[in-house]
Amino acid sequence: MEEFVNPCKIKVIGVGGGGSNAVNRMYEDGIEGVELYAINTDVQHLSTLKVPNKIQIGEKVTRGLGAGAKPEVGEEAALEDIDKIKEILRDTDMVFISAGLGGGTGTGAAPVIAKTAKEMGILTVAVATLPFRFEGPRKMEKALKGLEKLKESSDAYIVIHNDKIKELSNRTLTIKDAFKEVDSVLSKAVRGITSIVVTPAVINVDFADVRTTLEEGGLSIIGMGEGRGDEKADIAVEKAVTSPLLEGNTIEGARRLLVTIWTSEDIPYDIVDEVMERIHSKVHPEAEIIFGAVLEPQEQDFIRVAIVATDFPEEKFQVGEKEVKFKVIKKEEKEEPKEEPKPLSDTTYLEEEEIPAVIRRKNKRLL
């Protein structure tokens with residue numbers, strides 16, 4: 001049997017405690033075809049991980065004790081060891097950078113690593129996790145500020161909100177299971193990209209297509225759905241285009257997509273056409289869609305749809321029960337007049353760029 005090898009070099013870097021945990025989970029799950037790295041300022045946390053490639057940063061500034069929930073310390077730690085980071089990124093085609101936002105190392109160091117990767121010509125995708133609502137508005141404010149920096153430093157980014165875990169299952173999740181679900185998002189995103197690139201296909205999709213879709217793509221959605229039976233097309237598309245784990249959670253309005261369909265050999269062309277029509281109806285009318293198709297001879301009455309969607313006209317985030325929209329300001333656009341900002345509360349979140357630093361400090365004192 002012919003063995004297919006991934007022609008592109010993909011690395012996954014977990015930054016800080018949350019990001020490193022996600023990468024460690026991938027290592028324990030035995031993901032293949034990628035190199036895994038955990039980067040942290042906290043030596044004790046690194047020692048608990050099984051992933052082989054563990055890198056300490058910021059020894060001088062943190063003495064191995066962590067960043068103390070201060071993003072500026074995490075940033076300084078990354079800059080202290082920038083040569084070490086560049087060495088890790090050498091000979092890389094694509095990098096996923098995973099970080100939990102709202103703390104110190106992930107929030108501060110991840111944007112530095114992403115910026116370095118992008119400057120080296122590497123396709124850079126950030127996978128960022130926002131904190132639970134019960135962690136308070138101050139941590140969320142810090143996380144959103146870190147996300148802004150990460151957005152500017154990456155080609156594309158995927159945002160997960162911890163509070164959305166409860167939407168994944170009807171059963172009661174344990175704490176361990178809940179965080180496993182969060183960690184699995186990174187794994188599924190990486191597996192999705194690698195499977196698209198290396199799987200022999202009737203209509204092939206290669207790494208150049210992945211780059212076309214994700215490069216400078218901004219907010220991204222990666223969805224996958226499977227279906228069988230009479231309603232298989234509806235089921236597969238609905239699962240693929242709606243991702244409750246992810247912020248934005250819909251492909252509506254996307255202007256760049258990569259769609260791969262796996263089908264059993266008994267599936268008629270009409271079903272594939274129906275799937276693509278349904279996807280077309282949900283995205284921008286002039287969206288650029290790269291299409292791939294894979295036959296699954298061992299399956300029967302089966303269809304799977306994988307979608308990578310980017311280049312959205314507006315970024316939508318769900319924070320607690322409030323939807324917050326972040327307008328994507330293009331260079332040719334002008335910002336609309338700003339309203340007088342209001343103090344933050346546990347139920348109200350303002351756009352980070354709309355709050356002057358002096359007001360933010362005042363609001364923090366009011367809390």
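Including glycine, each Cβ sits where the backbone N, Cα and C put it.
The GTP binding site annotation in Swiss-Prot covers Gly17, Gly18, Gly19, Ser20, Asn21, Gly104, Thr105, Gly106, Glu135, Lys139, Asp183.
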Report, as a single number, how many Cβ atoms besides its own are within 10 Å of the Cβ of Gly19 (GTP binding site).
-> 33
Of Asn21, Thr105, which of the binding-site residues has the most Cβ neighbours inside 10 Å?
-> Thr105
Please compare the binding-site residues Glu135, Asp183 by how many other CB atoms fall within 10 Å of each one's CB, and tell me which has the fewest.
-> Glu135
CB contacts under 8 angstroms to Gly17 (GTP binding site), restricted to the same chain and 6+ apart in sequence, sorted by sequence, are Asn40, Asp42, His45, Gly100, Gly103, Thr105, Gly106
Just how spread out is the GTP site if you go by the largest Cα to Cα distance in Å among Gly17, Gly18, Gly19, Ser20, Asn21, Gly104, Thr105, Gly106, Glu135, Lys139, Asp183?
-> 20
